[in-house]
Amino acid sequence: MTNHKENEMSKSELLVVTGLSGAGKSVVIQCLEDIGYFCVDNLPPILLPKFVELMEQGNPSLQKVAIAIDLRGKELFKSLVEEIDAIKSRNDVIVDVMFLEAETEKLISRYKESRRAHPLNENGQMSLMDSILEEKQLLSNIRTIANYIVDTTQLTTKELKARVKEKFEDENFKSFSINVSSFGFKHGIQKDADLVFDVRFLPNPYYVEDLRPMTGEDEPVYHYVMKWKETEIFFEKLMDLLKFMIPGYKKEGKSQLVIAIGCTGGQHRSVALAKRIGEELTEIFDYNVYVHHRDAHIESGVRK
């Protein structure tokens, strides 16, 4: 007899990629194609049910499909939420939605750099700012049903691709993953974080001349940060909290948890703590744990 788990594994998987224009949908689709997804760009929402019917016929090439949908569909886009809900109710295809967004200022910068017109401003009658704000309003409904919301404001193309690969490169969607990220408050808070912890109360290696050019990834800085009693107490209390909270997030159906650790510049204290937290979570949980240091190298002009 085929059990429930085997039935789930045999189902085709559909990932709908949508979000704000300029937030990175093209990058995501290209990356998904590289890791084995059958990708379709700008499919009119009205054709989505027909496409799903093809997936249900068992074609091996349509086992994992990613479809990018945006407001170029104009009036047709209004039906997208209803179309997705209808597909989910049929229970024949696993459907997930990824929504990409970025801060307005960043979107404006990207559009000016690319010199392309916004999809809502093809006739030139709207300002770029008004086009972006209207798009945010029009997409608000689809954002509410998204499984994955990714803020690309601070992400390079390389980092965005890494996020996509971390989540979708395996044969099946990963049921739950934890992303631990360090950042610097002076460079802006991490927008897509679920939990943010401020470690600026800990002794700062920045004021030790030999340690200043290093990061928390370097052993001397790591040991300096971790040697203090207050660091150890904080770490123990934080791990107790995370061990309590994380199973609850998973139980509620959350597929990804982003934990952000912030210090002043994102170079020393937050990096060391994020590193240790990631190692500890890997030991405790049978989940995929990823560690990312957003601002560790920004002082040298390189964001890795």
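Start at 1 and count along the chain as shown; that gives each residue its number.
In case you wondered, yes, glycine gets a Cβ from its N, Cα and C as well.
Sequence annotations record features per position, and here Swiss-Prot assigns ATP binding site to GLY19, LEU20, SER21, GLY22, ALA23, GLY24, LYS25, SER26 based on sequence analysis. Listed in sequence order, LEU100, ALA102, VAL150, THR152, LEU155, THR157, LEU160 are the same-chain residues six or more apart from GLY24 (ATP binding site) with CB atoms under 8 A from its CB.
What Swiss-Prot lists as GTP binding site is ASP70, LEU71, ARG72, GLY73.
Each of the binding-site residues LEU20, LEU71 was scored by the number of other CB atoms within 10 Å of its CB, and the largest score is that of LEU20.
Around SER26 (ATP binding site), the C-beta neighbours below 8 angstroms that are at least 6 residues distant in the chain are ASP41, ALA68. In this structure, the CA atom of ALA23 (ATP binding site) is 11 Å away from the CA atom of ASP70 (GTP binding site). Other Cβ atoms within 10 Å of the Cβ of SER21 (ATP binding site) number 23 in total over all chains. Here the binding-site residues are GLY19, GLY22, and the one ringed by the most other CB atoms within 10 angstroms is GLY19. Checking the binding-site residues (GLY19, LEU20, SER21, LYS25) against LEU71 (GTP binding site) with a 10 Å Cα-Cα cut-off leaves GLY19, LEU20, SER21.
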